[in-house]
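*Asks:* Annotations for this protein, taken from TrEMBL, read as follows:
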- 22-44: transmembrane segment (TRANSMEM)
- 37-286: domain 'G-protein coupled receptors family 1 profile' (DOMAIN)
- 56-77: transmembrane segment (TRANSMEM)
- 97-116: transmembrane segment (TRANSMEM)
- 136-154: transmembrane segment (TRANSMEM)
- 196-221: transmembrane segment (TRANSMEM)
- 233-256: transmembrane segment (TRANSMEM)
- 268-288: transmembrane segment (TRANSMEM)
Amino acid sequence: NQTDINEFILLGFSYGLQVQTLLYLVFLVTYMVTITENAIIIFVVKRNHLLQKPMYYFLGNLSFLEIWYVTVTLPRLLFGFWSQSMTISFSSCMTQLYFFISLMCTECVLLAVMAYDRYLAVCHPLRYPAIMTHKLCFQLSILSWAGGFSISLVKVSFISRLTFCGPQVINHFFCDISPVLNLSCTDMSLAETVDFALALVILLVPLLIIVFSYCCILSTILCMPSAQGRRKAFSTCTSHFTVVVIFFSATLFMYARPRRIHPFNLNKIVSVFYAVFTPALNPLIYCLRNTEVKEILRKI
């Protein structure tokens, strides 16, 4: 039981064959829909001159991120359903863990950047074009990606140094931090502390920026004299705010608590929600609440 292992077994969804077939179809359709939706948004934002604005530039970044977000986990899960082979090598597990956490951290920062963009647009509309330049948009997007991938590198470097031994079963459908940590047979207190501290930083700092931005936005909207102006300002923020609530409620539940108190079956349900279905819902949320995007899609 103390022998080092070089592969894990992903328990996934261990139900009967009929249930697994149904889950395979659901996840396959969800994956295809997510890729299609986000690819359409990137194409529309890139090709239409009316959408060459900072808000849509960041939306294009988010759509690009969502494509890779589901690609990190779902193809491996679908292959496992199809082949009934749920083993994954140690290096593949660490790679999957690194990219999944990197993309999640990047999305945290990117959502904060989008909130800052909405704050400038609503609270400082006259100065907005001078502040939110193409150069600043590019710098903020680079900051989001670089910050997310750097923090994830620190997290995974500590986890990968641990010694893992049998049983090598991961009670999850992909390599996530909590179930992987619980397979370690050496002292994992340092890795767990570093992971927990960085999770708080990458979740709470962007969340504080978002809360501050929306407090300022709400205060500005309530001071507007016309009802039409208030409705227009609200409409530019509701899509982003909805995505923020869905994303942060799930990620705070999963990653801003000590690892050992997690009930793993509940973890899997929450993970399916934010790692599989949320990337499919985000394009619909942005498009259904955005008159400009709906009109352009209708013309296309």
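Using N, Cα and C of the backbone, Cβ positions are placed for all residues, glycine too.
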*Asks:* Kindly say whether the transmembrane segment (97-116) and the transmembrane segment (196-221) touch, using the definition of 3 or more Cβ pairs under 8 Å where each pair is 6 or more positions apart.
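*Replies:* Since 3 or more Cβ pairs under 8 Å link them, the transmembrane segment (97-116) and the transmembrane segment (196-221) do come into contact.
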*Asks:* State the non-local partners of the transmembrane segment (268-288) in its own chain: residues 6+ outside its ends, Cβ under 8 Å from one of its Cβ atoms.
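*Replies:* Cβ under 8 Å, 6 or more out: 13, 27, 30, 33-34, 37-38, 40-41, 59, 62-63, 66-67, 69-70, 73-74, 100, 171-174, 176, 239, 242-243, 246-247, 250-251, 253-254, 294, 297.
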*Asks:* Need one number: mean pLDDT over the domain 'G-protein coupled receptors family 1 profile' (37-286).
*Replies:* 86
